[in-house]
Amino acid sequence: MTLLTYLRRKLGLTGTKLGCAEGGCGACTVMISKFHPHLKCIVHHAVNACLAPVCSLHHCAVITVDGIGTVASRLHPVQERIAKAHGSQCGFCTPGMVMSMYTLLRNNPEPSMVDIEEAFQGNLCRCTGYRPILEGYKTFAKVLDFGLWYCALMYDPSKFIPLDPTQEVIFPPELLNLGKQPPRQMKFKGERVLWIQPSTLTELLDLKSHYPESKLVVGNTEVGIEMKFKNLLYPVILAPAYISELNSTIFPSNTGIVFGAACTLTLLGEVLRDAVAKLPTYQTEVFKAILEQLRWFAGKQIRNVAVCLEQTIIKYCYRKTALKPEEILLSIEIPYTKKGQYFSAFKQSPRQEDDIAIVTCGMNVVFKEGSNIVEKILLSFGGMAPTTVIPKTTCKKLIGSAWNEKLLEDACASLAEEMVLPPSAPGGMVPYRRTLTLSLFFKFYLTVKHYLAVDLQHEVPHEGNKNVISEDFVGRPIMHLSALKQATGEAVYCDDIPCYENELHLALITSTKAHAHILSIDTGEAMTVPGVVAFVFAKDIPGSNITGPAFYDESVTCVGHIVGAVVADTQAHAQRAAKVVKITYDELKPIISIQDAIDSQSFYQPVRTMKKGDTAQGFKDSDHILEGEIHIGGQEHFYLETNCTVAVPKGEDGEMELFVSTQTASKTQALVAKALGVPANRIVCRVKRMGGGFGGKESRSIILSTVVAVAAMKRPVRCMLDRDEDMLVTGGRHPFLGRYKVGYMTSGKIIALDVTFYANAGNSKDLSFSIVERALFHMENSYNIPHVCGTGYMCKTNLPSNTAFRGFGGPQGMMVAESWMSDVALACGIPSYEVRRMNLYNEGDLTPFNQRLEQFTIGKCWEECLDISNYMKRQGAVEEFNRQHRWTKRGLSIIPTKFGISFTSVFLNQAGALVHIYTDGSVLLTHGGTEMGQGLHTKMVQVASRALGIPCSKIFISETSTNTVANTSPTAASASSDLNGMAVYNACQTLLQRLEPYKVKNPKGSWEDWVNAAYFDRVNLSANGFYNNSGRAFNYFSYGVSCSEVEIDCLTGRQKTLHTTIVMDVGKSLNPAIDIGQVEGAFMQGLGLFTLEELHYSPQGSLLTRGPGMYKIPAFGDIPVELQVSLLRDSPNDKAIFSSKVLGEPPLFMAASVFYAIKDAITAARSESGLSGPFRLDSPATSERIRNACEDRFTKLCPPAEPGTYTPWAVRV
């Protein structure tokens, strides 16, 4: 049992959250304290509770977010600051953030900014964009420049509770006494595993001899994941964490430092850091290289428990070892270096922080004394084979050579021949990986060449200015109403609801084939698993099977297709049983990719077309015509709280109550009622809050809710999907292929456009028609093209159905537009910002769907963005930098967005609200929207506060439920604050009219006086509100412009965003703190979409990236070094509540400025190789794509294999 399960299920401490179950997101972070018998002191470490076995915590104290402060009693400063700095939106990651910071402060009450940033390397957030978290916690730093703060008017740091280290919870004295006693052997016997903790080395060796196949575990960072996700079982586990010989650190005088195999990576880093400070520089080359790699190895929580024993074996030979079964690794020695010896280590990964390497290497060279002649050289590469590879032939050739250009040429040619990979190698990216071996050696060559000339100068990391400019707002920057509860762990999410007495747990049975007929289902072995109560299949559905499991004799149409479910007494038992259900298939040929669908003409109907003008004539009138295409990859929602449903039968009349993490309570109610065969009035769906949604819980949450409801007809049933299950079954953002033909003049003016979109819809239409339609609505982005024709196809494939995602097709449509705009600028040889500016819409222009642009502010946003970013000066600096640097290039781009606000399905543009005023003057507000971190409830309270003329403190929103406001639209399309805000306002106006006579009669009375007078006069103090907007395509548009500057490493493809300025038109902001948070969060999600996040599918249609270990979202280190957000002044919007504009989705596309800045930098790199003109760069612009696009002599040595000559590891879908 993990610590997380023990905390949540045994102790009922639900503040600590389950985000991934593999130590990759940090939501489960807690602090472990223990007396370290070898260091002779108490140590505090942040750890992942989802990986820590309870039996490994003997003599340890555990502090969770629940135990350091509460809203009702006393907040801890760490909790208060993240909340009041607006660093908590959905709040699901917040307890983990709090505990990471809390642990840092327990160890160092006055940390540096570097310490703070390092503390969060193992924490992820999908909502905030990270900046407000760092800004809030900057206040703990010992050196702080308040001039960098954007939040001067958002909150007052001087009012924060001061940190008092003397008031912290002490380490229990009884544990201190026990920790000082000699260790003794302990055994814990579980259901399937025997855990033994030996106390001496002799005991360990005896046990290893007796149990030769046993596993040695200290941190459980690898074995825990193998047992959970790979179904491996280790009946005997040996835990040598307290054996003195394995924890010792020895400093020999001549050779190096010896570390015991159970020393944690954190301890290793501390010892090496101390050695670097004390020893001569020439002796510590290896130490410094290891310290640099440790910065990027996993997160702090993993490094605190991962040990040399595990990681040395794993990294040398992945999941293999040269040790005999009865042997153990006792220690490792890290050697000193000597004069004339140079050592470097490199790691290239998709994301720099906490990521698995694509290619990693260590390189060591020793020169003959006083010369540049190589005496010894050793190169070692990881990621080029299942085990570490040493190119012996290359190393042998280089011995005796001078360190010059000829050695470089010889080495690269030899490495290209020796470091080969089959084109279908696991992990893919074969040309890139081969090129990296050359590029990384070239970096080593340059480093050593510099060493030989002068002493190496280390760059000091630059702490960037993340200043954000605030504007003059109508609304107040009120803190998210749940922020304090979220920071203390008291906010209740779906799975935090206490278990019912007779509750059962459900696990899904899913297809392992992309397209097949089911021949048989064998549950025999699964029935033998302890605790199994029942199985649920299609035959058990009393009503409609529209969204539930596949019928027994039907085809499954994707890997992850829900076939049935297991119900058991615990989640672990249900999952174990589900994994051993045997399904026999008759396989059919699957269609996986967009290209497969095009080749097979596999499309859903109808095909959508949108036209304006005469494209044929437009192309005739154009000076030039170009054609091109761009592929935009899909994206996983990665909401921190996975899909969850608790279904509670009421025992009569078919009634059932559902607690669901969903954006669409009414649709959940309707489809569950259909599945159960009862009217909708028997089902109540309740949503307190969600830990993120982003569109992923608009329709796909229902496939889980219906299954759970069917299983719960007699007893309460709960199911919260694990991260890998959620990613497998729910789908994500639609991958798009855009093909375009553009007619333009020599001046850069665009005359005609013909564009075709292909969207990979998956195995059902879901919301794909509306998504493709919105892509067509945004196919010209912000540009006025006289002649336009757009066509959209929904590709029917055998992938899990793709669905709504923030932007809903708009970002894909606009991304294709910016691709042809970039191509035109490159073809004309005109700066891209000039071409974009000359083609922008103006006030009163008509869109391709014949809607006139009113209150059009793109021009104002554009000019303000140029001004704030100092664009022209920055452009000159970029050009000068590129002239001076061959292998590092910078790029600059400015991108506009025009995003339509409304559901394109007109009937959804409606909302309801219900307002109760109680006799004590308090107000209970309910509306049709759901809270998922976007601050909707907070804004609705602000609307009601202004409408009723009372403080926000008198107004409360409990939840969203179908028995208070019926027939609600999904919380989606960025329209929720507009629609629900007007409905709330409407209800409040009704109540104000009823109270008006009492206000006139008693003008000096209080709110409570008027309410009581009305009550005693028998006036109804409850009111419904309703609103619907016009039937136009869009009620209005949100506008924005962003400018970004990036720097790329042409040898590895790594990129860093140096600067981003965003100017957004939000009308008169209802809440500038929430709005700026939405801008930054959407921007960072877009940054992931366009530069980092990549879903990999096997040729058989199986998702290979099923968790944070393989799928990387932006982390703290991906924030732009400089980030400025400005809300446009003086731009009221007369079509929404209090002249505001919504902005949940529009800012996401602002991250395209980073993508096209990268493309600009690649253009500069290509010019060094004599290449010019348009070139293709697909999205996301990963390090692989950037490196491959920077064509040079190294890429030419590693050409890709011919398509069709091999089976790839992964296919582009």
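Glycine is no exception: its Cβ is also placed from the backbone N, Cα and C atoms.
Note that the coordinates shown come from a computational prediction; the quantities given were computed from them, not determined experimentally.
With DSSP classes pooled into helix, strand and coil, the tally for the domain '2Fe-2S ferredoxin-type' (1-68) is 15 helix, 21 strand, 32 coil. Residues or ranges marked as domain '2Fe-2S ferredoxin-type' by TrEMBL: 1-68.
Annotation source TrEMBL lists [2Fe-2S] cluster 1 binding site at C20, C25, C28, C50.
What TrEMBL records for C90, C93, C125, C127 is [2Fe-2S] cluster 2 binding site.
Per TrEMBL, the feature domain 'FAD-binding PCMH-type' maps to 188-306.
According to TrEMBL, the FAD binding site annotation covers L216, V217, V218, G219, N220, T221, E222, V223, F297, L329, K347.
Its Cβ taken as reference, R806 (Mo-molybdopterin binding site) is surrounded by 26 other Cβ atoms within 10 Å in the chains shown. According to TrEMBL, the feature Mo-molybdopterin binding site maps to Q663, F694, R806, A973.
Around F808 (substrate binding site), taking its Cβ as the centre, 28 other Cβ atoms fall within 10 Å, counting all chains. Residues or ranges marked as substrate binding site in TrEMBL: E698, R774, F808, T904.
What TrEMBL records for E1145 is active site, proton acceptor. For E1145 (active site, proton acceptor), the Cβ neighbour count at a 10 Å cut-off comes to 28, with all displayed protein chains included.
With DSSP classes pooled into helix, strand and coil, the tally for the domain 'FAD-binding PCMH-type' (188-306) is 53 helix, 19 strand, 47 coil. Checked against E222 (FAD binding site) by C-alpha proximity, the binding-site residues C125, C127, R806, F808 yield C125 as the nearest. Look at the Cβ of each of the binding-site residues K347, R774 and count the other Cβ atoms within 10 Å; the largest number goes with R774. Taking the binding-site residues E222, E698 in turn, the residue surrounded by the fewest other Cβ atoms inside 10 Å of its Cβ turns out to be E222. Geometry remark: L216 (FAD binding site) versus A973 (Mo-molybdopterin binding site), CA distance 51 Å. Of the candidate binding-site residues, C20, C50, C125, N220, the one lying closest to F808 (substrate binding site) when CA atoms are compared is C125.
Note on the binding-site residues C25, L216, A973: the fewest other CB atoms within 10 A surround the CB of L216. Other residues of the same chain near the Mo-molybdopterin site, with their Cβ within 8 Å of the Cβ centroid of Q663, F694, R806, A973, are G693, G695, G696, E698, A804, F805, F808, M932, T971, A972, S974, G1144, E1145.
Taking a C-beta cut-off of under 8 angstroms and a sequence separation of 6 or more, T904 (substrate binding site) has the following same-chain neighbours: S770, E773, R774, F777, A973, A1033, F1034. When every Cα pair among Q663, F694, R806, A973 is compared, the largest distance found for this Mo-molybdopterin site is 13 Å.
Listed in sequence order, R126, C127, Q486, Y639, L640, E641, R689, M690, G691, G692, M932, G933 are the same-chain residues at least 6 apart in sequence whose CB falls under 8 Å from the CB of C90 ([2Fe-2S] cluster 2 binding site). Same-chain neighbours of the [2Fe-2S] cluster 2 site beyond C90, C93, C125, C127, judged by a C-beta within 8 angstroms of the site's C-beta center, are, in sequence order, S88, Q89, G91, F92, T94, R126, T128, L640, G691, G692, G933, G1081.
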